[in-house]
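K.L.:
The structure's right below; bear with me while I get my questions together.
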Amino acid sequence: MALESPEPGAGDYEQYKDGFHDWLATYWPEPREQLHAGGWRRTEQMLADIKRHLQAHHQPHAGAATTAGPSATASSAAAAAPASGTGAPPPLGRPLEVMDICCGEGGTAVHLAATEGWRVTGVDIVESAVKAARVRAEAYGTVVRVACQYPCSGAGSSSSRSSAADSGSSSSSGVRLRLSYEAVSDRALFLHASIFKMPAPSDSFDVVYGQDPDGLANPDRVHAFREVLRVLRPGGLFYFWHHWVPGPGWPAELLAAYRADPMTGPAPRLSHEEYVQDVQAAGFQLVHVADCSQLAAEHLGAMAERVAREQQQQQQQQQQQQQRAQRAAKSAAAAAGAGAGAGARGGQSVAREGDEGRSAAREGGEGGEGGEGWTAMPISGWLERALHYSAQAGGSMGVHVVAVKPLSA
Ligand SMILES: C[S@@+](CC[C@H](N)C(=O)[O-])C[C@H]1O[C@@H](n2cnc3c(N)ncnc32)[C@H](O)[C@@H]1O
(Lines of atoms letter the chains of each structure in order from A and count residues from 1; the text may use other names and numbers.)
(Lines give C-alpha, C1' and ligand atoms only; values in the text may rest on other atoms or scores of the structure.)
Protein backbone atom coordinates (compact mmCIF):
# COMPACT_ATOMS: atom_id res chain seq x y z
CA MET A 1 0.00 0.00 0.00
CA ALA A 2 1.33 3.44 -0.90
CA LEU A 3 2.15 5.75 2.00
CA GLU A 4 -0.10 8.79 2.20
CA SER A 5 2.73 11.19 2.85
CA PRO A 6 5.88 9.30 1.94
CA GLU A 7 9.24 10.27 3.37
CA PRO A 8 10.94 13.00 1.36
CA GLY A 9 12.96 11.41 -1.40
CA ALA A 10 11.37 7.96 -0.94
CA GLY A 11 10.29 7.87 -4.61
CA ASP A 12 13.93 7.78 -5.68
CA TYR A 13 14.08 4.13 -4.62
CA GLU A 14 11.52 3.41 -7.33
CA GLN A 15 13.36 5.35 -10.02
CA TYR A 16 16.96 4.29 -9.56
CA LYS A 17 17.62 0.58 -9.77
CA ASP A 18 20.20 -1.98 -10.78
CA GLY A 19 20.80 -1.56 -14.50
CA PHE A 20 20.61 2.26 -14.38
CA HIS A 21 24.38 2.66 -14.69
CA ASP A 22 24.63 0.19 -17.60
CA TRP A 23 21.98 2.17 -19.42
CA LEU A 24 23.58 5.52 -18.61
CA ALA A 25 27.04 4.32 -19.66
CA THR A 26 25.70 3.42 -23.11
CA TYR A 27 25.24 7.11 -23.90
CA TRP A 28 27.87 8.62 -21.65
CA PRO A 29 30.77 10.38 -23.39
CA GLU A 30 33.02 10.18 -20.28
CA PRO A 31 34.55 6.97 -18.90
CA ARG A 32 32.27 4.62 -16.99
CA GLU A 33 33.80 5.47 -13.60
CA GLN A 34 33.00 9.16 -14.20
CA LEU A 35 29.26 9.36 -14.82
CA HIS A 36 29.18 13.14 -14.50
CA ALA A 37 29.60 15.99 -16.97
CA GLY A 38 33.24 16.88 -17.52
CA GLY A 39 34.81 13.58 -16.44
CA TRP A 40 38.26 13.57 -14.84
CA ARG A 41 39.01 17.12 -16.01
CA ARG A 42 36.13 18.43 -13.90
CA THR A 43 37.14 16.24 -10.96
CA GLU A 44 40.66 17.73 -11.03
CA GLN A 45 39.13 21.20 -11.01
CA MET A 46 37.00 20.25 -8.00
CA LEU A 47 40.04 18.89 -6.19
CA ALA A 48 41.98 22.10 -6.77
CA ASP A 49 38.99 24.19 -5.59
CA ILE A 50 38.55 22.11 -2.44
CA LYS A 51 42.25 22.32 -1.57
CA ARG A 52 42.26 26.06 -2.11
CA HIS A 53 39.27 26.45 0.16
CA LEU A 54 40.78 24.26 2.88
CA GLN A 55 44.05 26.16 2.64
CA ALA A 56 42.26 29.46 3.13
CA HIS A 57 39.73 28.42 5.78
CA HIS A 58 41.30 25.57 7.66
CA GLN A 59 40.40 25.56 11.34
CA PRO A 60 42.06 22.83 13.37
CA HIS A 61 39.47 20.63 15.05
CA ALA A 62 39.44 19.79 18.71
CA GLY A 63 41.69 16.83 19.41
CA ALA A 64 43.46 16.96 16.05
CA ALA A 65 47.22 17.48 15.77
CA THR A 66 48.01 20.68 13.94
CA THR A 67 51.52 20.03 12.70
CA ALA A 68 53.26 17.19 10.90
CA GLY A 69 55.59 16.39 13.79
CA PRO A 70 57.06 12.99 14.55
CA SER A 71 53.68 11.69 15.69
CA ALA A 72 51.77 12.92 12.63
CA THR A 73 50.44 10.15 10.42
CA ALA A 74 52.00 9.75 7.01
CA SER A 75 48.72 10.53 5.31
CA SER A 76 48.38 13.83 7.12
CA ALA A 77 51.87 14.70 6.02
CA ALA A 78 50.87 13.61 2.53
CA ALA A 79 47.97 16.02 2.62
CA ALA A 80 50.42 18.79 3.46
CA ALA A 81 53.12 17.59 1.12
CA PRO A 82 53.14 19.90 -1.88
CA ALA A 83 53.64 22.79 0.52
CA SER A 84 55.04 25.20 -2.04
CA GLY A 85 52.28 26.86 -3.94
CA THR A 86 49.92 24.02 -4.84
CA GLY A 87 47.23 25.06 -2.41
CA ALA A 88 47.29 21.85 -0.37
CA PRO A 89 45.65 22.25 3.03
CA PRO A 90 47.58 22.16 6.28
CA PRO A 91 47.57 18.80 8.07
CA LEU A 92 44.81 17.86 10.47
CA GLY A 93 46.69 15.07 12.21
CA ARG A 94 44.19 12.62 10.74
CA PRO A 95 42.89 11.91 7.26
CA LEU A 96 40.41 14.39 5.88
CA GLU A 97 36.90 12.93 6.17
CA VAL A 98 35.07 13.37 2.88
CA MET A 99 31.67 12.25 1.62
CA ASP A 100 30.74 11.71 -2.04
CA ILE A 101 26.95 12.00 -2.44
CA CYS A 102 25.45 9.96 -5.32
CA CYS A 103 28.90 8.43 -5.85
CA GLY A 104 27.89 6.04 -8.63
CA GLU A 105 30.49 3.33 -9.17
CA GLY A 106 33.05 5.11 -7.02
CA GLY A 107 35.68 6.21 -9.57
CA THR A 108 36.32 9.55 -7.89
CA ALA A 109 36.04 8.32 -4.31
CA VAL A 110 38.64 5.58 -4.90
CA HIS A 111 40.94 7.97 -6.76
CA LEU A 112 40.86 10.55 -3.95
CA ALA A 113 41.32 7.94 -1.24
CA ALA A 114 44.36 6.52 -3.07
CA THR A 115 46.06 9.70 -4.23
CA GLU A 116 45.15 12.18 -1.48
CA GLY A 117 45.01 9.81 1.46
CA TRP A 118 41.54 11.11 2.33
CA ARG A 119 38.94 8.87 3.91
CA VAL A 120 36.10 9.01 1.42
CA THR A 121 32.63 7.65 2.08
CA GLY A 122 30.48 7.25 -1.02
CA VAL A 123 26.69 7.06 -0.82
CA ASP A 124 24.50 5.78 -3.64
CA ILE A 125 20.95 4.51 -3.90
CA VAL A 126 21.69 1.81 -6.49
CA GLU A 127 23.02 -1.33 -4.86
CA SER A 128 24.85 -2.67 -7.94
CA ALA A 129 26.76 0.64 -8.19
CA VAL A 130 27.81 0.41 -4.53
CA LYS A 131 29.00 -3.17 -5.08
CA ALA A 132 30.98 -2.10 -8.17
CA ALA A 133 32.55 0.73 -6.14
CA ARG A 134 33.66 -1.69 -3.40
CA VAL A 135 35.19 -4.00 -6.00
CA ARG A 136 37.02 -1.01 -7.51
CA ALA A 137 38.48 -0.07 -4.10
CA GLU A 138 39.60 -3.67 -3.42
CA ALA A 139 41.11 -3.94 -6.89
CA TYR A 140 43.20 -0.79 -6.39
CA GLY A 141 45.25 -2.63 -3.78
CA THR A 142 47.65 -0.99 -1.34
CA VAL A 143 49.20 2.45 -1.29
CA VAL A 144 52.54 3.17 0.36
CA ARG A 145 52.93 6.60 1.89
CA VAL A 146 56.32 7.98 2.73
CA ALA A 147 56.85 10.84 5.14
CA CYS A 148 60.34 12.34 5.40
CA GLN A 149 61.49 14.00 8.55
CA TYR A 150 64.60 16.12 8.39
CA PRO A 151 66.79 16.95 11.39
CA CYS A 152 65.61 20.55 11.22
CA SER A 153 62.03 19.15 11.46
CA GLY A 154 60.87 20.08 7.95
CA ALA A 155 58.43 17.55 6.53
CA GLY A 156 57.67 16.25 3.11
CA SER A 157 56.26 13.13 1.54
CA SER A 158 55.53 11.21 -1.54
CA SER A 159 53.40 8.17 -2.28
CA SER A 160 53.51 5.24 -4.65
CA ARG A 161 51.60 2.06 -5.37
CA SER A 162 52.78 -1.26 -4.02
CA SER A 163 51.43 -4.67 -3.27
CA ALA A 164 53.38 -4.96 -0.03
CA ALA A 165 51.59 -4.58 3.29
CA ASP A 166 54.24 -3.94 5.94
CA SER A 167 55.15 -0.76 7.73
CA GLY A 168 58.33 0.60 9.24
CA SER A 169 60.82 3.45 9.35
CA SER A 170 64.48 3.93 8.45
CA SER A 171 67.14 6.50 9.10
CA SER A 172 70.08 7.79 7.06
CA SER A 173 72.11 10.97 7.68
CA GLY A 174 69.57 12.06 10.27
CA VAL A 175 66.69 11.93 7.78
CA ARG A 176 63.89 9.73 9.03
CA LEU A 177 61.52 8.04 6.66
CA ARG A 178 58.20 6.88 7.93
CA LEU A 179 56.33 4.41 5.78
CA SER A 180 52.73 3.41 6.06
CA TYR A 181 50.91 0.85 3.98
CA GLU A 182 47.19 1.27 3.47
CA ALA A 183 44.63 -0.80 1.65
CA VAL A 184 42.60 1.68 -0.40
CA SER A 185 39.45 -0.22 0.58
CA ASP A 186 40.09 0.94 4.19
CA ARG A 187 39.97 4.56 3.00
CA ALA A 188 37.16 4.36 0.41
CA LEU A 189 33.96 3.12 2.00
CA PHE A 190 30.60 2.81 0.29
CA LEU A 191 27.10 2.97 1.73
CA HIS A 192 23.96 1.79 -0.01
CA ALA A 193 21.57 4.57 0.99
CA SER A 194 19.65 7.57 -0.20
CA ILE A 195 21.06 11.04 0.31
CA PHE A 196 17.74 11.80 2.01
CA LYS A 197 18.62 9.46 4.87
CA MET A 198 22.31 8.79 5.32
CA PRO A 199 23.54 6.24 7.83
CA ALA A 200 26.35 8.53 8.97
CA PRO A 201 26.92 10.34 12.27
CA SER A 202 26.30 14.07 12.60
CA ASP A 203 29.20 16.54 12.43
CA SER A 204 31.56 13.92 11.05
CA PHE A 205 32.72 15.11 7.58
CA ASP A 206 35.08 17.93 6.64
CA VAL A 207 33.92 18.03 3.02
CA VAL A 208 30.87 16.73 1.13
CA TYR A 209 30.93 16.80 -2.66
CA GLY A 210 28.55 15.68 -5.40
CA GLN A 211 29.30 15.31 -9.10
CA ASP A 212 25.95 15.36 -10.86
CA PRO A 213 24.14 14.00 -7.80
CA ASP A 214 20.82 13.06 -9.40
CA GLY A 215 19.11 12.66 -6.02
CA LEU A 216 18.98 16.48 -6.02
CA ALA A 217 16.56 16.44 -8.98
CA ASN A 218 13.92 15.52 -6.42
CA PRO A 219 11.70 18.54 -5.64
CA ASP A 220 12.15 17.82 -1.90
CA ARG A 221 15.92 18.30 -2.23
CA VAL A 222 15.96 20.71 0.71
CA HIS A 223 15.72 17.63 2.97
CA ALA A 224 18.77 16.13 1.27
CA PHE A 225 20.61 19.43 1.81
CA ARG A 226 19.66 19.25 5.51
CA GLU A 227 21.12 15.75 5.65
CA VAL A 228 24.35 17.05 4.13
CA LEU A 229 24.36 19.90 6.65
CA ARG A 230 23.82 17.41 9.49
CA VAL A 231 26.76 15.16 8.57
CA LEU A 232 29.18 18.06 7.94
CA ARG A 233 31.26 19.46 10.76
CA PRO A 234 30.67 23.15 11.53
CA GLY A 235 32.76 25.05 9.01
CA GLY A 236 32.67 22.05 6.65
CA LEU A 237 32.55 22.52 2.89
CA PHE A 238 29.79 21.46 0.49
CA TYR A 239 30.63 21.40 -3.25
CA PHE A 240 28.44 20.14 -6.09
CA TRP A 241 27.35 20.69 -9.65
CA HIS A 242 24.40 19.33 -11.59
CA HIS A 243 24.47 19.72 -15.33
CA TRP A 244 20.98 19.25 -16.79
CA VAL A 245 19.27 21.78 -14.53
CA PRO A 246 17.78 24.88 -16.21
CA GLY A 247 20.39 27.55 -15.59
CA PRO A 248 20.16 31.11 -14.34
CA GLY A 249 17.63 33.50 -15.78
CA TRP A 250 15.40 31.21 -17.81
CA PRO A 251 12.19 33.10 -18.71
CA ALA A 252 9.23 31.87 -16.62
CA GLU A 253 7.26 30.62 -19.66
CA LEU A 254 10.18 28.60 -20.96
CA LEU A 255 10.80 27.07 -17.55
CA ALA A 256 7.08 26.21 -17.28
CA ALA A 257 7.17 24.58 -20.73
CA TYR A 258 10.32 22.60 -19.86
CA ARG A 259 8.66 21.29 -16.71
CA ALA A 260 5.34 20.58 -18.35
CA ASP A 261 7.03 18.57 -21.08
CA PRO A 262 6.85 14.93 -19.96
CA MET A 263 10.19 14.25 -21.66
CA THR A 264 12.29 16.89 -19.96
CA GLY A 265 10.56 18.16 -16.88
CA PRO A 266 9.26 15.31 -14.76
CA ALA A 267 10.74 16.96 -11.68
CA PRO A 268 9.09 20.14 -10.48
CA ARG A 269 11.21 22.82 -8.82
CA LEU A 270 14.06 22.09 -11.17
CA SER A 271 15.96 25.30 -11.78
CA HIS A 272 19.25 26.93 -10.87
CA GLU A 273 17.47 29.52 -8.69
CA GLU A 274 15.49 26.90 -6.77
CA TYR A 275 18.59 24.85 -6.06
CA VAL A 276 20.29 27.92 -4.61
CA GLN A 277 17.19 28.81 -2.52
CA ASP A 278 17.08 25.27 -1.15
CA VAL A 279 20.77 25.27 -0.23
CA GLN A 280 20.19 28.45 1.78
CA ALA A 281 16.89 27.24 3.26
CA ALA A 282 18.71 24.17 4.59
CA GLY A 283 21.03 26.49 6.56
CA PHE A 284 24.16 26.75 4.41
CA GLN A 285 26.14 29.92 3.78
CA LEU A 286 26.84 30.36 0.09
CA VAL A 287 30.48 30.75 -0.91
CA HIS A 288 30.16 30.59 -4.68
CA VAL A 289 27.36 30.02 -7.18
CA ALA A 290 28.02 29.56 -10.86
CA ASP A 291 26.30 28.71 -14.07
CA CYS A 292 27.85 25.57 -15.57
CA SER A 293 26.32 25.90 -19.02
CA GLN A 294 29.63 25.52 -20.81
CA LEU A 295 30.23 22.19 -19.14
CA ALA A 296 26.65 21.09 -19.79
CA ALA A 297 26.83 22.15 -23.44
CA GLU A 298 30.02 20.17 -24.06
CA HIS A 299 28.64 17.14 -22.29
CA LEU A 300 25.18 17.21 -23.87
CA GLY A 301 26.70 17.86 -27.30
CA ALA A 302 29.00 14.82 -26.98
CA MET A 303 26.05 12.78 -25.76
CA ALA A 304 23.95 13.91 -28.73
CA GLU A 305 26.69 12.70 -31.08
CA ARG A 306 26.66 9.27 -29.47
CA VAL A 307 22.88 9.07 -29.65
CA ALA A 308 22.92 10.06 -33.35
CA ARG A 309 25.56 7.41 -34.08
CA GLU A 310 23.54 4.79 -32.28
CA GLN A 311 20.35 5.76 -34.10
CA GLN A 312 22.17 5.40 -37.40
CA GLN A 313 23.42 1.94 -36.44
CA GLN A 314 19.92 0.93 -35.34
CA GLN A 315 18.47 2.09 -38.65
CA GLN A 316 21.04 0.05 -40.54
CA GLN A 317 20.29 -3.01 -38.42
CA GLN A 318 16.57 -2.58 -38.97
CA GLN A 319 17.05 -2.37 -42.72
CA GLN A 320 19.16 -5.53 -42.68
CA GLN A 321 16.57 -7.33 -40.58
CA GLN A 322 13.75 -6.25 -42.85
CA GLN A 323 15.68 -7.56 -45.82
CA ARG A 324 16.27 -10.86 -44.02
CA ALA A 325 12.58 -11.12 -43.11
CA GLN A 326 11.57 -10.41 -46.73
CA ARG A 327 13.95 -13.11 -47.98
CA ALA A 328 12.59 -15.56 -45.42
CA ALA A 329 8.99 -14.76 -46.39
CA LYS A 330 9.84 -15.24 -50.09
CA SER A 331 11.48 -18.58 -49.56
CA ALA A 332 8.60 -19.65 -47.30
CA ALA A 333 6.13 -18.79 -50.04
CA ALA A 334 8.24 -20.68 -52.59
CA ALA A 335 8.45 -23.71 -50.29
CA ALA A 336 4.67 -23.60 -49.72
CA GLY A 337 4.05 -23.58 -53.51
CA ALA A 338 6.51 -26.36 -54.21
CA GLY A 339 5.36 -28.50 -51.33
CA ALA A 340 1.62 -28.09 -51.80
CA GLY A 341 1.33 -31.80 -52.53
CA ALA A 342 4.10 -32.94 -50.22
CA GLY A 343 2.02 -33.08 -46.99
CA ALA A 344 3.14 -32.47 -43.38
CA ARG A 345 6.90 -32.31 -43.99
CA GLY A 346 6.57 -29.12 -46.07
CA GLY A 347 4.26 -27.57 -43.43
CA GLN A 348 6.90 -27.96 -40.71
CA SER A 349 9.49 -26.33 -42.88
CA VAL A 350 7.23 -23.32 -43.53
CA ALA A 351 6.60 -22.92 -39.81
CA ARG A 352 10.33 -22.86 -39.05
CA GLU A 353 11.11 -20.29 -41.69
CA GLY A 354 8.20 -18.15 -40.53
CA ASP A 355 9.63 -18.23 -36.99
CA GLU A 356 12.96 -16.99 -38.31
CA GLY A 357 11.25 -14.01 -39.87
CA ARG A 358 9.40 -13.19 -36.65
CA SER A 359 12.50 -13.40 -34.46
CA ALA A 360 14.37 -11.13 -36.85
CA ALA A 361 11.53 -8.61 -36.56
CA ARG A 362 11.62 -8.88 -32.75
CA GLU A 363 15.35 -8.09 -32.65
CA GLY A 364 14.83 -5.12 -34.89
CA GLY A 365 11.81 -3.69 -33.10
CA GLU A 366 13.33 -3.26 -29.63
CA GLY A 367 16.37 -1.27 -28.73
CA GLY A 368 17.98 0.84 -26.01
CA GLU A 369 16.94 -1.40 -23.11
CA GLY A 370 18.98 -1.23 -19.92
CA GLY A 371 19.79 -4.09 -17.58
CA GLU A 372 17.42 -5.89 -15.29
CA GLY A 373 15.37 -3.72 -12.95
CA TRP A 374 15.79 -0.47 -14.84
CA THR A 375 13.18 0.63 -17.35
CA ALA A 376 14.97 2.41 -20.15
CA MET A 377 13.60 5.74 -21.28
CA PRO A 378 13.97 7.07 -24.81
CA ILE A 379 17.15 9.08 -24.36
CA SER A 380 17.12 10.48 -27.89
CA GLY A 381 13.81 12.30 -27.37
CA TRP A 382 14.89 13.64 -23.97
CA LEU A 383 18.18 14.92 -25.30
CA GLU A 384 16.65 16.57 -28.32
CA ARG A 385 14.15 18.41 -26.17
CA ALA A 386 16.70 19.38 -23.52
CA LEU A 387 19.00 20.81 -26.20
CA HIS A 388 16.07 22.61 -27.81
CA TYR A 389 15.01 24.31 -24.56
CA SER A 390 18.52 25.19 -23.48
CA ALA A 391 19.20 26.73 -26.92
CA GLN A 392 16.08 28.87 -26.51
CA ALA A 393 17.30 29.99 -23.10
CA GLY A 394 20.69 30.96 -24.52
CA GLY A 395 22.36 27.64 -23.68
CA SER A 396 22.00 28.21 -19.95
CA MET A 397 21.93 24.82 -18.27
CA GLY A 398 23.43 23.64 -15.01
CA VAL A 399 24.19 24.79 -11.49
CA HIS A 400 27.41 24.77 -9.48
CA VAL A 401 27.31 25.61 -5.76
CA VAL A 402 29.96 25.91 -3.08
CA ALA A 403 28.66 26.47 0.46
CA VAL A 404 29.75 26.04 4.07
CA LYS A 405 28.03 24.89 7.21
CA PRO A 406 28.07 27.87 9.57
CA LEU A 407 30.27 27.46 12.66
CA SER A 408 27.22 28.20 14.80
CA ALA A 409 24.98 25.57 13.19
C1 LIG B 1 24.75 11.02 -13.09
S2 LIG B 1 25.13 9.75 -11.93
C3 LIG B 1 26.63 10.40 -11.18
C4 LIG B 1 27.42 9.33 -10.48
C5 LIG B 1 28.77 9.74 -9.87
N6 LIG B 1 28.67 10.95 -9.09
C7 LIG B 1 29.83 9.88 -10.93
O8 LIG B 1 30.28 11.00 -11.15
O9 LIG B 1 30.19 8.88 -11.55
C10 LIG B 1 23.89 10.07 -10.67
C11 LIG B 1 23.96 9.11 -9.48
O12 LIG B 1 22.97 9.51 -8.54
C13 LIG B 1 22.50 8.32 -7.88
N14 LIG B 1 21.28 8.68 -7.13
C15 LIG B 1 20.11 9.12 -7.63
N16 LIG B 1 19.24 9.39 -6.62
C17 LIG B 1 19.90 9.15 -5.46
C18 LIG B 1 19.55 9.28 -4.08
N19 LIG B 1 18.37 9.73 -3.68
N20 LIG B 1 20.48 8.95 -3.16
C21 LIG B 1 21.71 8.49 -3.52
N22 LIG B 1 22.09 8.35 -4.81
C23 LIG B 1 21.20 8.68 -5.77
C24 LIG B 1 22.36 7.36 -9.04
O25 LIG B 1 22.27 6.04 -8.63
C26 LIG B 1 23.64 7.67 -9.82
O27 LIG B 1 24.71 6.87 -9.37
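The backbone N, Cα and C atoms fix where each Cβ goes, glycine too.
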K.L.:
Region 'Disordered' per TrEMBL: which of the ranges 16-53, 54-91 is that?
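P.N.:
Checked against TrEMBL: region 'Disordered' maps to 54-91.
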K.L.:
Could you give me the DSSP helix, strand and coil counts for the compositional bias 'Low complexity' (310-337)?
P.N.:
28 helix, 0 strand, 0 coil
K.L.:
Please list the DSSP helix, strand and coil residue counts for the domain 'Methyltransferase' (98-147).
P.N.:
24 helix, 16 strand, 10 coil
